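Here's the structure we're looking at; comments come further down.
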Amino acid sequence: MYGAHLTVAHLSDKMNISTNLNPLCFFPFFKASSSLAFPYLPHKSLCLTTVDDQNPSTMGYIQKTKNVLKCVLLLPVVLCIVYFTGPSVRLMIGLLPMQRCTLGSAEMLILDNAADARLDLQSRPDVQTCTSWRAPIIWEGMFDPDLYDQTHRKQGSSVALTVFAVGRYLDAYLEAFLNSSEHHFMLGLPVSYYVFTDTPEKVKSIKLGPQRSLRVIQVQRHTRWQDISMMRMKTISDTIESDIRHHCTHVFCFDVDQVFTGRFGPEALGDSVAQLHAHYYRLPKKLFTYDRNPKSQAFIETGDFYYHAAVFGGSWKDVKALTEACYKSIMEDKQNNVEALWHDESHLNKYFWIHKPSRILSPEYCWDTSIRNRTDIRVFRLLWAPKHYNKLRT
């Protein structure tokens, strides 16, 4: 009824084989399995028979042909799954609940400054606004920007911003990073930029506002980008000791492949400041990518949150302690021929697990637009720039 007799020319010429093909074999069938559908081919007796069915070489060729057909038929389905699954998974992750702050008022926090007592911990019931050790997690809608500006001006706060622009990262990102910072980062406070690069002569001058300065410091370019990332800890520590501590009360350390797009103000300042990673803040802890290799100094089985090394800061004393500790751990790993899973970020997470940060910034302060919009992210303060690692890390 459905049959059609075809002769496969290149087979019949060499083997004198005729092949009966069922035309249904050229179309995928779908069988329901849970909520997904997977293609399969009909039984071989319906699809392919030969006059020399017992010939091993013929059987092998037939099997290979069927495997190729299966792959061809399966490919469109796989591509559809990949295309639609990414956004769907991100959407579902955004619906996962966060823990709630159990403190009745901000006065119960361990305060970094007087303005923290005015934080509204209950203004954001959709997110977690404090930690179990009574540190605030800063979200839009929780704080009065003017109050923080006034408080830190009265306290005489000043901020050092450190950023590394080595190799091709300088041309790709530095100018946009610095220009955007001038529009959004700690406006109204004295800010000192410390740009670390292997090519100081390529750093373009930018127009700086009042009480803002820029210093370019030459550093060695390591062969591996991982070493550049890890060795920055020593450079930051050394610069705090030799320079920053004499001029600034606070330090913020940034990756260069980012752009400021909204207020990044004094509400972010504290003794020890960590950044929630945009891709992990709503995931269960068992999915956090800590280094779980017991041979590494960065090893931890579990933690509180997963922190992003693209942004961290605090008082100069606390940042110096953090960078010194991370550098020490990195060097111990090197001596033992071990490298942490996510390099300096793994060591940073270990440090913050032992030494709890006094302040945590929400993902507003370092957002990846590939995640798409989420209702809990009401403002974008700092965005990941497009990544071109295949070009930049070669």
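From the backbone N, Cα and C atoms, a Cβ is placed for every residue, glycine too.
These come from TrEMBL:
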ACT_SITE  Glu345  active site, nucleophile
BINDING   Phe164, Ala165, Val166, Tyr169, Asp255, Val256, Asp257  UDP-N-acetyl-alpha-D-galactosamine binding site
BINDING   Asp255, Asp257  Mn(2+) binding site
TRANSMEM  68-86  transmembrane segment
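The local packing around Val166 (UDP-N-acetyl-alpha-D-galactosamine binding site), expressed as other Cβ atoms within 10 Å of its Cβ over all shown chains, amounts to 20. In the structure shown, across all protein chains, Phe164 is the one of the binding-site residues Phe164, Tyr169 with the greatest number of other Cβ atoms within 10 Å. Those residues of the chain, other than Phe164, Ala165, Val166, Tyr169, Asp255, Val256, Asp257, with a C-beta within 8 angstroms of the mean position of the UDP-N-acetyl-alpha-D-galactosamine site C-beta atoms are Val163, Leu170, Tyr173, Leu174. Each of the recorded positions Asp255, Glu345 was scored by the other Cβ atoms within 10 Å of its Cβ; the lowest score goes to Asp255. For the binding site of UDP-N-acetyl-alpha-D-galactosamine, formed by Phe164, Ala165, Val166, Tyr169, Asp255, Val256, Asp257 according to the record, the largest Cα to Cα distance is 11 Å, rounded to a whole number. Most buried of the binding-site residues Ala165, Val256, judged by other Cβ atoms within 10 Å, is Ala165. Packing around Asp257 (UDP-N-acetyl-alpha-D-galactosamine binding site) is summarised by its Cβ count: 21 other Cβ atoms lie within 10 angstroms of its Cβ, all protein chains included. Between the CA atoms of Asp257 (UDP-N-acetyl-alpha-D-galactosamine binding site) and Glu345 (active site, nucleophile) there is a gap of 16 Å, rounded to the nearest whole number. In this structure, the C-alpha atom of Val256 (UDP-N-acetyl-alpha-D-galactosamine binding site) lies 15 angstrom from that of Glu345 (active site, nucleophile).
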